[in-house]
Amino acid sequence: MYKRFSFKYNSSLIDMEDNSGLLQGGKDFEVSNPSWRLSLPHVLVATLTSLLFGYHLGVVNEPMEVISADLGFNGNTLAEGLVVSTCLGGALVGSLLSGWVADGVGRRMAFQLSALPMIAGAAMSAMTKTLAGMLLGRLFVGIGMGLGPPVASLYVTEVSPAFVRGTYGSFIQIATCLGLMAALLIGIPAKETVGWWRVCFGVSTIPAALLALAMVFCAESPHWLYKQGRTEEAETEFEKLLGGSHVKSALAELSKFDRGDEPDSVKLSELLFGRHFQVVFIGSTLFALQQLSGINAIFYFSSTVFKSSGVPSNLANVCVGISNLAGSIIAMLLMDRLGRKLLLLWSFSGMAVAMALQVVAAGSHSPDSGAVYLSVGGTLMFVLMFALGAGPVPGLLLPEIFPSRIRAKAMAICMSVHWVINFFVGLLFLHLLEKMRPQFLYSGFATFCLIAVAFVKRNVVETKGKSLQEIEIALLPQE
C-alpha cells in the first residue's frame, strides 16, 4: 500500500507531501487544524520535567563553596567534582532506562516515576550533614533528570498537533533555560545567608511534586495506548487533545499505519545493528555533535571569561541566561515557520563563527586590543546561536523521525550518548585547556560545529507540519 524508500535518509530522496494523500484514504475527515488550546495545558505540565532538569544542572554552581565548607570537603576539588559528576552518572542510568519505562508503564506514569527520585534526592541533599549523603542525593536526582527529558520529548511529540509541534517542542528548551536561571537567582544569597544552600535544594521538591500530581489529570499518549491495543482509550485521549471533530481522522492515521507483521518487542540488537541502526546512528550523532560543539564547556566556564573583563560572576551568569532564553524564544517563533533543518544549519554555522571569535581573542597578546570583549561577545553569540537550533531541535526532531515502534527505546539510546559526551567534555575541558593553547581547543570546537553543518545538510530531512505517520511512512526502512 505504501511506497517504500531505501533508508538513505537524504532529503533529496524524500517528498513527504506525496504521502499525505495516502493517509486520508479518500474519506471525508476534518481538514482544518485542531485548536492548540486543548493540548497546551498537557504540554506545559510535561515541561516541568525540563524546568527541573535545568534547575538541578545549575543548583550547585553558586553555593558550591559554602556546601563544601559546611560538609567538610572545602578545597577538595575531587569531592567538588564528584558532587557534579555523580548527578551526571545518575542521569546516564535514568536515560538508559527511560525507553523501557516509557513503553512499559506509559508516558504519564514515567513522568511520575521521574519525579519521585528528584523529590527524594533533593530532600536528601537539603538535609544531609555529610558528603556521602550529598552524593547519594545527587545520584537520585540524576536518575530522575535522566529519565524525565526523553519522556518529555516523546510526550510532547505525540500529543501535539502537527502544525504547532515545533513550537511546543521549543517549550522544552525554554523551560530548561528558566530552570537554569531560577537556580542561579535562588543561589545568590547562599554566600551571605547561613544554610541557604539547603533551601536551594529543598525548593525543587515543589515543582517535582506538582509534576507527579498534575500528571494524574493529563492525557496519556494516544500513540502509546494504540500500541497497547487500547483503541477506545486512545480515542478518548485524542478527544481531550484535539477536539471531537478530529478524533476520527487521527485514529484513521493510526489504523492505516498499523502494521501487523511486526512483533511488539524491540531488541537492543535491532537498534544497534539491525534495520533501524542508521536512524539511531543519525540521532546519536546529532546529540554527540551538540555536546562536542563545546556548549557545556561554555556554560561551565563562561564566568571565567567574563571575570577577566571585570564583569562580576553573578552578572555574567545572568547575561548567559538571558542570551540562552532569547535564542530559545526565537527558536519557538521560527520552528514551525522555517523548519527544523534550516534552524540547525543556521545554529551550527553561527556557533562556528562564535568559536572563531574566541580563537581570535585567545590568539591576541595585546591587552588593549579589545580581545577580552571579543571573547565575551563570542561567548554570548555562541549561547544565543546554540539556543536557536542545536539546543532545542534534536530533542524534537528525533521523536519525529523514529518509527513509533522503536521511538522510546531509540530516544533512550540517543540521550545516553548525550550524557556520556557531556560527562567527558566537562571532565576533560580544563585539563585540555592546561595542556593545549586555548585557540587550538576552540578551533576544535569550531571544527565540530562545521562537521555538524555538513552532517545536517546531508542527513536531516524537514519534518515541519507533517503528522508522525506521514514522516514514518516516508522514512520507512526496507525489510
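Any Cβ shown, glycine's included, is placed from N, Cα and C.
Annotated range for transmembrane segment in TrEMBL, selecting from 139-156, 319-336: 139-156.
Sequence-distant neighbours of the transmembrane segment (373-398) (same chain, 6+ residues past either end, Cβ-Cβ under 8 Å): 149, 153, 156-157, 165-166, 169-170, 172-173, 177, 283, 286-287, 290, 293-295, 298-299, 302, 305-306, 308-309, 311, 319-320, 323-328, 330-332, 335, 340, 343-351, 353-358, 360-362, 364, 410-411, 414, 452, 460, 463. Residues 39-40, 43-44, 47-48, 50-59, 61-63, 66, 149, 152-153, 156-157, 160, 196-197, 199-200, 203, 314, 317-318, 321, 324-325, 328-329, 331-332, 335, 387, 391-392, 395-396 of the same chain, all 6+ positions outside the transmembrane segment (168-190), place their C-beta atoms under 8 angstroms from a C-beta of that stretch.
Among the stretches 38-58, 139-156, 439-456, the one making the largest number of Cβ pairs under 8 Å with the transmembrane segment (78-102) is 139-156. For the domain 'Major facilitator superfamily (MFS) profile' (42-464), the model's pLDDT averages out at 87.
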